[in-house]
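Annotated features, as they stand in Swiss-Prot:
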- Lys95: active site, schiff-base intermediate with DXP (ACT_SITE)
- Gly156, Ala182, Gly183, Asn204, Thr205: 1-deoxy-D-xylulose 5-phosphate binding site (BINDING)
Amino acid sequence: MLKIADVEFESRLFTGTGKFSNSQVMIEAIMASKSQLVTVAMKRIDFKMGLDDLLTPLRQAGVRLLPNTSGARNAKEAVFAAELAREMLGTHWIKLEIHPDPKYLMPDAIETLEAARILCEKGFIVLPYVHADPVLCRRLEEVGCAAVMPLASPIGSNQGLVTESFLKIIIEQARVPVVIDAGIGAPSQAARAMELGADAVLVNTAIASSASPIVMAECFKEAVQCGRRAFEAGLGRVQTGAVQTSPLTGFLNQ
């Protein structure tokens, strides 16, 4: 069981809501994934319409919403988006995203740390999206973040665990859950992330852009489960040379 702040999750697969062809496909894919935490961009919600086509089906599905501050260019804008989410959605959970560069969507470490400090002081449960930077992740822990969400590779790129070496360090040192976010493009990559010891993964583009999002969501669900079980079972040690599984020495000496 995964615990973030005071909430327990049976599923270690978190999902997003972007890039789906329509809301029905989105909901069916989320249900197939068994995800219990779903991120939604504040910039996509039309609060003037009340419960719009995005929020209504998500609430009916009974999943926990994790609003994100995607689109924020600095700490001030991110804090404003988080406070709006708390007021309009009734949640103090926030996925903190600050990426001023619209081309590569790289997170701004300085602004993210500042926003995280402010939001934690205001009582938010903060899950920051950041570079796979072990030092930064430790600093975010220290200011009170409930989890850290280091990227595997650029958002939506499907490149996989490009930052694996740094993710290993973050996982080793972390005292809060590590959710690997961004760039996971295949179930095998999600399984690998879990084998490393990640507490969860967040997947959106790989599911939403699939020719069959519902089937792909099921594949990711199973991959995450298998990867976690493999980690808990204990993977064999990687060797530089060959090691016989059935030595023949005794047989030859008879």
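Cβ atoms here come from the backbone N, Cα and C positions, even for glycine.
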Distance [Cα-Cα, Å, rounded] between Gly183 (1-deoxy-D-xylulose 5-phosphate binding site) and Lys95 (active site, schiff-base intermediate with DXP): 17
Packing count at Thr205 (1-deoxy-D-xylulose 5-phosphate binding site) (other Cβ atoms within 10 Å of its Cβ): 18
Chain-internal residues, separated by at least six, CB under 8 A from Asn204 (1-deoxy-D-xylulose 5-phosphate binding site): Thr15, Gly16, Thr17, Gly18, Lys19, Thr39, Gly156
C-beta crowding around Lys95 (active site, schiff-base intermediate with DXP), within 10 angstroms: 28
Sorted by sequence, non-Gly156, Ala182, Gly183, Asn204, Thr205 residues with Cβ within 8 Å of centre, 1-deoxy-D-xylulose 5-phosphate: Gly16, Pro154, Ile155, Ser157, Asn158, Asp181, Ile184, Gly185, Val203, Ala206
C-beta crowding around Gly183 (1-deoxy-D-xylulose 5-phosphate binding site), within 10 angstroms: 22
